[in-house]
Amino acid sequence: MTKFIFVTGGVVSSLGKGITAASLAAVLEARGVNVTMTKMDPYINVDPGTMSPFQHGEVFVTEDGAETDLDLGYYERFLRHSKMSKSNNFTSGRIYQNVLNKERRGEYLGGTVQVIPHITDEIKSKILASGEGYDVAIIEIGGTVGDIESLPFMEAVRQMQVELGRNRAMLMHLTLVPYIASAGETKTKPTQHSVKELRSIGLQPDILICRSDHHISQDNRRKIALFTNVEERAVIMCEDAQSIYQIPRTLHEQDLDDLICERFGLDLPEADLSDWDKVVEAQLNPESTVTVAMVGKYVELPDAYKSINEALLHAGITHKADVKIDYIDAERLEDDDSLLAQLHNADAILVPGGFGERGTMGKIKAITYARENNVPYLGICLGMQLAVIEYARNVLHIDANSSEFDRKTAEPIIGLITEWLDERGELQIRSDDSDLGGTMRLGAQQAELVAGSKLAQIYGANNITERHRHRYEMNNRYIEPLEQAGMTVSGYSAKQHLVESVELADHPWFVAVQFHPEFTSSPRGGHPLFNSFVKAAKNYSEAK
C-alpha cells in the first residue's frame, strides 16, 4: 500500500519545498523505491495555464498535456522513473470546481455542501489517486503554514494521518532559521512558532528541514528538537548550496532516508548517489564559459523560463561548460540599439516561447542578428514562428505576419489552430472566441524528422516525441517558397502534418522548433537539442 510523505513550509515562502521534496524523492528512488510526487496549490485558479508568468513563473507541461506548477519540472528532473501527469497537480480552484459539479449533478443528494467534509474529502481522494501504484508518494502543499487558503489542505492532511496511521503517513516541515548579523548567530524562534502554528491545527511534524544561509550549531539543533517535539535526528540542517543537485547528498548524509525507511518498515539497499556526484562535479568545475543571450519579454522574472534555464545548465554540465544567461528585454531591444552590444558579446542567441505581440519586433531584431552574423540560434515555440516571419520578411520580401498579431494580415504565415481532434478523436472547433484554456495544442506528440536534416542528426533518430503548448501553427502554403529561398522544414507532426521545425542549411547552427524540448531535459544527460546548441556556442566562442 502506498505510503505518503506530506511536505509543508513555514515562516516565509520560497524556502525550496519543491527542490527539497524532489531531492528526497531522488534519494528514495536511488534506494529502489517507486516514488511519485504531487503538488497541491491553494490558489483559486483552476490551473496556472492562464496566469501571468510575472506572478506565477513558468507553466510546466506534462506528457498528457496538463498545464501545471513549475515545481513539477523539478520533480521530473530529479526522478528518472516517474513522469508527472494531470493527477500530480491540483488547485483549490479545481477542487471547488469538482465539488460544485457534483453538487449540480445531485451527487450530494440535496445535502448542504461544506468545506468539511466535502472539500476535504475531494482533496483526500485526489491525493490517494495520485499515489496509486507507487510505494511512496510525496505530497507538497503550496504556500506557508498560517495562510487561510491552505487550511482545507492542512485539515485533509490531518485526517489522512489519522486514517492511514503512523506506518503510512509522515509530515515533513520546512522552516527558516535566520542568521542575525548584529547578534552573530542563527535564531530558532521562527521555527518554534511555525511548528506551534502547525500544532494548533492538529499537525505534528515528524521531520524538520531547517533552511539557513549560515551553519546551524548542534546546540541549536537540540534546542529545535526539544521545543518542537521532533526527534533530534529528524531535525535536518539544509544550508544554502552551490548547486541544487547537492541536496540529495546533503539529505542522505544526515540519514533522512534511513529514518523514513525505518518509519515505513522498508528494507532497502543503500542509496547509490554517484550519478548526482558526477553532476555536481561537472557543474562546479567547468572547463569553459559560454554566454547565451535570451531575448524574451518576461526576463524580469527568470522563473518564467525555469525549464529553459535548467536545460541550458544541463547542457553545460554535459559539456563541462559554465553557461551564463544574459537576459535581454525584447521590448527594450525594439528601440534601444545599445542592447545590440549584448547580442554582439553573446556566443549564442535563444528566443523562447511567449504569447502576444508585445516585444516581438525586438525578438525579430535578435533573430536577424543571429542569422546575418552566423551566431548559433535556437528558437522555441514563438521563437520558431518569429524566425519564419523574419525570414519571410527579410529574405522573401513579403509582408508576412502572424494572425495572432494582425488579424487582417494579407500574408498569414502563422495562423490559429481552428480545428483540432480531442483525445477521443472527435473534431473540436476552436476559434479566437474560445476560452483560452481550450484552444491549446498541449502535451507530448510525435514528430517525423526529415532524414539527413540537422535536427535528425542531433536527435540521432527520425521519429521523436516532444511536448507542445501553443495555439498557432505555421501556414503550410508558405513551405515551398521558404524552402526555395533556403529555409528548410526539417520536421512535421506525425498525424496532422504540421510544421514542427525549421533550419538554415547555409548557417552554422540555426534551428527553430515549435515544441518545447526544455520540458524533458535532465541533469543526468541533458537534452540532445540543448546539448548541440551549447556545443555550437562553445565552437563559436572558441572561433572568435
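Glycine residues also receive a Cβ, built from the backbone N, Cα and C atoms like all the rest.
The region 'Amidoligase domain' annotation in Swiss-Prot covers 1-266.
Packing around K187 (CTP binding site) is summarised by its Cβ count: 15 other Cβ atoms lie within 10 angstroms of its Cβ, all protein chains included. According to Swiss-Prot, the CTP binding site annotation covers S13, D147, I148, E149, K187, T188, K189, P190, T191, Q192, K223.
Summarising the annotation, Swiss-Prot assigns UTP binding site to S13, K187, T188, K189, P190, T191, Q192, K223 and lists sequence analysis as the type of evidence. Within 10 Å of the C-beta of T191 (CTP binding site) there are 30 other C-beta atoms, taking all protein chains into account. In this structure, T191 (CTP binding site) is part of a helix by DSSP.
What Swiss-Prot lists as ATP binding site is S14, L15, G16, K17, G18, I19, D71, and the listing cites sequence analysis. In the three-state DSSP classification, G16 (ATP binding site) falls within coil.
DSSP assigns E140 (Mg(2+) binding site) to a strand segment in the three-state reduction. Around E140 (Mg(2+) binding site), the C-beta neighbours below 8 angstroms that are at least 6 residues distant in the chain are V7, K17, G18, A21, M37, T38, K39, M40, D71. Per Swiss-Prot, Mg(2+) binding site is recorded for D71, E140, and the stated evidence type is sequence analysis.
Annotation comment: Swiss-Prot describes 291-543 as domain 'Glutamine amidotransferase type-1'.
Long-range Cβ neighbours of Q385 (L-glutamine binding site) (same chain, at least 6 residues apart, Cβ-Cβ under 8 Å): S402, I414, Y472, M474, Q514. The feature L-glutamine binding site is assigned by Swiss-Prot to G354, L382, G383, M384, Q385, E404, R471, with sequence analysis given as support.
Around the Cβ of C381 (active site, nucleophile), the number of neighbouring Cβ atoms within 10 Å comes to 22. C381 (active site, nucleophile) carries neither a helix nor a strand DSSP state and counts as coil. As annotated by Swiss-Prot, active site, nucleophile applies to C381.
Within the same chain, residues at least six positions away from H516 (active site) with a Cβ under 8 Å of its Cβ are V61, S307, G353, I380, C381, E466, R467, H468, R469. Marked as active site by Swiss-Prot on the basis of sequence analysis: H516 (among others).
Taken from Swiss-Prot, the feature active site covers E518 (among others). In the three-state DSSP classification, E518 (active site) falls within a helix. Packing around E518 (active site) is summarised by its Cβ count: 28 other Cβ atoms lie within 10 angstroms of its Cβ, all protein chains included.
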- [ ] Take the region 'Amidoligase domain' (1-266) and average the pLDDT across it for me.
- [x] 95
- [ ] Please report how many Å separate the Cα atom of I19 (ATP binding site) from that of K187 (CTP binding site), as a whole number.
- [x] 23
Task: Shortest C-alpha distance to G383 (L-glutamine binding site) - which of the binding-site residues G16, P190, K223 - done: G16
TODO: Please report the number of other Cβ atoms within 10 Å of the Cβ of G18 (ATP binding site).
DONE: 23
TODO: Out of G16, L382, E404, E518, give those recorded positions positioned within 10 angstroms of K223 (CTP binding site), comparing C-alpha atoms, in sequence order.
DONE: none
TODO: Please tell me which one of the binding-site residues listed here (S14, T188, Q192, G354, M384) sits closest to I148 (CTP binding site), measuring Cα to Cα?
DONE: S14
TODO: Look at the binding-site residues G16, P190, G354, G383 and tell me which residue has the greatest number of other C-beta atoms within 10 angstroms of its C-beta.
DONE: G383
TODO: Could you state the whole-number distance in Å separating the C-alpha atoms of T191 (CTP binding site) and S14 (ATP binding site)?
DONE: 15
